[in-house]
Structure formats: structure tokens, C-alpha cells
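See structure below.
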Amino acid sequence: MGKSILLINGPNLNLLGTREPHIYGSTTLADVEASSKAHAASLGATLETYQSNHEGAIVDRIQAARGNVDGIVINPGAYTHTSVAIRDALVGVDIPFIELHVSNVHAREPWRHHSYFSDKAAGIIVGLGVYGYKVAVEHVAVNFKSREEKAAL
């Protein structure tokens, strides 16, 4: 059975394609989600997408994933720099995750340089534009262990 991946996008990522295209590009979130699902399928994996501008809703979705997905790809948006709650949810469900940022947050304002997630992430993808989603999905599909593989250990 193929791996199951949850792709989470945080606040304002619903504006991809129109918000600051000089930073984030012109590809929409719907385009990112469709191409990510197609890429996952080409690798024998399934991918579910979720986007919310609300911290608690993201926490709820992460908790609902416990025991149901093999890996999470998360672009926490601005919550990267503020959300202990999302960090705790990710750690609490014990699902490996990739932290993803479309822009190079380290080349931007100093307050964007700190992440509450990076030290717990299995990997971090920064500054590759929306291509980073393809890289993240492929990494999870190819390199993460499935729930079945973990159970056999």
C-alpha cells in the first residue's frame, strides 16, 4: 500500500498567486494542491490537502491525522514564527513532517528567521518557490516509513 501524505498550508497561503507575486510567484494554491496530488499519485502515494487561516483548526487537523497518515508536509506561513500550539500538535502526534516555505525566509525580515518547527522537522525546504512542494512530497513518498513498516519494527 502506498504512503499517505497530508499537506497543510497555513494562513494567507490561500492567497498564493495573488499575494506579493514578486515573493511567492503566480501559481495558485489550487494549482499547488493539484500538482502535489498528481505527483504523489505518480509515486504511488495518496495526498490530502488542508488550508486554514486559523491556528486551532490547524491543530485539530494535525491531531485528526494521528494514526492515519505516514507523513505531513506543512507550510505554516506566519505561524512558523509564533505557534507553540502547532509545534506541540506536530510533536504530539508523532508523525514525521517536512517544514516548507515558498520564499527564502532567511533572506527576509529578521523576525522571519526563527521557526518553532525546524528543530523537530525531518527536513526543511526553503526558498524553492512552489517547486518546494514537489520536493517535499517526493521526499515523504520515497523516504518516510509507512505506518505498516513502523508497526513491523
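Including glycine, each Cβ sits where the backbone N, Cα and C put it.
Pulled from Swiss-Prot, these are the features on record:
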SITE      Arg19  site 'Transition state stabilizer'
ACT_SITE  Tyr24  active site, proton acceptor
BINDING   Asn75, His81, Asp88, Val102, Ser103, Arg112  substrate binding site
ACT_SITE  His101  active site, proton donor
Residue with minimal Cβ packing [other Cβ atoms within 10 Å] among the recorded positions Arg19, His81, His101: Arg19
Where His81 (substrate binding site) sits in the secondary structure, as DSSP reduces it to three classes: helix
Largest tally of Cβ atoms lying within 10 Å of a Cβ, found at which of the binding-site residues Asn75, Ser103: Asn75
Asp88 (substrate binding site) CB neighbourhood, other CB atoms within 10 A: 14
DSSP-derived class (H/G/I helix, E/B strand, else coil) of the residue listed as 'active site, proton donor': strand
Euclidean distance between Cα atoms of His101 (active site, proton donor) and Asp88 (substrate binding site), Å: 19
Per DSSP, three-state class assigned to Arg19 (site 'Transition state stabilizer'): coil
Integer Å distance between the CA atoms belonging to Asn75 (substrate binding site) and His101 (active site, proton donor): 6
For Val102 (substrate binding site), the number of other Cβ atoms found within 10 Å of its own Cβ: 24
